[in-house]
Structures are given as C-alpha cells and as structure tokens.
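A.B. asks: Below are the structure tokens for one structure; questions will follow.
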Amino acid sequence: MEDATTFFTVTLPYMVSTALALPLLFPSPVPLLTRQVPSSVTLTKRQVACLIIHAFLCTFTAANTSFNHFHFFDVFAPSAPPDWSNAAATDQDEDTTAVQKLVTVLHYFSRFTTDNLSSGDNTNRYDQQVITYSRHVLDTTLWTDGGMAGGGGWADTLPWTSVHVHANGAIEDDVGAVQVDFANKFAGGGVLGHGCVQEEIRFLVNPECLVACLLTEVLGDVELKFVVQWLAASAQHRPLHYYTFGNSDLATRLAQFVQTVTTSTLSVAQLRARLLDNNAPNCTLSLAEYMRQHRRHRPSVCAYITSTLLPHTRHSPSTVSQAAADVQSTD
C-alpha cells in the first residue's frame, strides 16, 4: 500500500484526470441490465476504472430504488466510527470493515495509476482488455412439449443434479468450481455500505465487479434464484453447492425442498415449464399471481411449488437414487 504523500501527489491527481475523461470515454449512455431482458454490457478496463473513480468521488446522483447505490458515502462516513483507542473493540467493530474496504479500493487505484504512468504494455491493456457484465433470463422459447431431447435443451428424462446446501463456509472452499454468488437481490449487496460477507468480499477482491452495482437492476426472490440455479445445474449435469451465508433457516427450507422434489416424479423439464407457463396442466395459480397474492406475507417460491405443483405428481422414493440428491445443511 502506498503512503499518503504518493496517494495525494500521484494517484489522486491521475484519478481526477481519468474522471474528467468521462465524456470522451463514454460518448453515449451506458445500457443498463434491466429485469427480464437478457443483455450484456462490454466496457474497457479504463472505462470501468473511470466509473469506479466517480463512485469513489461520489459524483453520481442517487439511484432509484430498483438499483443498488453507486457511491462511497456510507463507506466514508460509517454510522458509528471505530474506537481506535480500544484495540479489542475495534477488532469486533463492524464499521472497521469500511477501512478495509477503502484499503482494497485504494490498492486498485494505486495499481491502475502505476500501470498507466509506467512505460510498456500496461497502459495499452486498459484500453484493449474488456470486461463484460451480463444478465441472463430464462428463455421460454427453448421449451417444447417434446423436451428437445438430444438437442441441447431441456428433456423430460433429465435427472436432478446433486445439491449440497451449506449454511456456513465460503465459495472459495470449492477449488476449481465456477463461482456463482446469490447473496442479495441487489448486485454487490452492501459492498458500498456496511455489508461484509461473501458477495461484498468477492466484489472487493475484484473491484471491477463494483460496476455491476451501477448497471444491474434488482434481481428476484432468493428461493426462486435457488430453483433457477438448480434447474441450470441439472441441465448441465453439474452438482450444485449452495451457500446461504449463515442463514440456517433458509438452508433447512431449501434442503427440505430438495428432498421433496427429488422424491417426486416431477422432472426438470416439467418444473421449468410450469414455472414459465401460466396455463400449465393442473396448475390453477401461476407463480406471478401467487407472489402477488402473498406479497404481504413473505411469499415462498418453494412453498408455491410444493403446494401447487407437487400434489399433482405421484411420489416415487426410487427417484432419489436416480437424482443422486445429496443435501447437506450446516448450521
């Protein structure tokens, strides 16, 4: 980490010059990743750095309620500043995380400045290398009554993949696994606030993820995200490890849901079709209508599936081994 003199005489001036280049770097508005619209936004690393610098300088206006905020106000001014005179209390003070967040982001700015002020290929890579932020939406056109067997789509005979649900642990514990984090309905969660769990840590380990806070409109229900992830993992024949970030109640609910589904004859394709099709056979209430009716009582997607869809399927314990479901829930 550089000293204060270097930061104020070298890094900060270069950050300001990069921020002032915003009109040149962005001649047109950046598209947003809105709900129910599959889309991608590709930016150069210099454009990404420019946006993060503006967030650090708090120059962006407040976002509406459907987007995460993209400024450092809450990081700069925590509600209860740390008591630096008491080391024991400071170690336990949640607001000390704000200091560590600044350390990681300032290190990113230091590297960005050093790379651009040095000779060689480092400067060019910020203009040549790109980062893509994508929003994926379940495609209803991929479904047919035939299940598109053998065509790379969803098949009625597709087995449910194994699921490991962990209330505790870190996604980094699974070496070599694709890391997918669903900790918050807002991209980044509380990374620019007081939050400091897996999603916030991931966004600070890789600060360029912060731009997703600016681009991504609010996501959906946490249980629905689990179901969609399970559907996608099953389609790709991949096991699923799902972490609930200390929420043992959610871990228990999901583990019970997995057991219920895998002991029924409901297939991957059937569940996907019924979630998407308001007129699915034996389905008198669509998911959207169910969520609207129960919006005041914390609607549960898992409860909707088990109460609305599963009663119309016959249960067969033998499907457990076929699905190879292995649910683990740690409190």
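Every residue, even glycine, has its Cβ placed from backbone N, Cα and C.
Quick paste of what TrEMBL says about this protein:
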- Asp181: active site (ACT_SITE)
- Glu199: active site (ACT_SITE)
- Glu200: active site (ACT_SITE)
- 2-135: domain 'PARG helical' (DOMAIN)
- 159-223: domain 'PARG catalytic Macro' (DOMAIN)
A.B. asks: Report the DSSP secondary-structure composition of the domain 'PARG helical' (2-135) as helix, strand and coil residue counts.
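C.D. replies: The breakdown for the domain 'PARG helical' (2-135) reads 72 helix, 14 strand, 48 coil.
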A.B. asks: Write out the long-range same-chain contacts of Glu200 (active site), meaning residues 6 or more apart in sequence whose Cβ is under 8 Å from its Cβ.
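C.D. replies: Counting only residues 6 or more apart in sequence, the Cβ neighbours of Glu200 (active site) under 8 Å are Gly188, Gly189, Gly190, Val191.
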A.B. asks: If you draw a 10 Å sphere on the Cβ of Glu199 (active site), how many other Cβ atoms land inside?
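C.D. replies: Other Cβ atoms found within 10 Å: 22.
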A.B. asks: Determine, from DSSP, whether Glu199 (active site) sits in helix, strand or coil.
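C.D. replies: SS state of Glu199 (active site) = helix.
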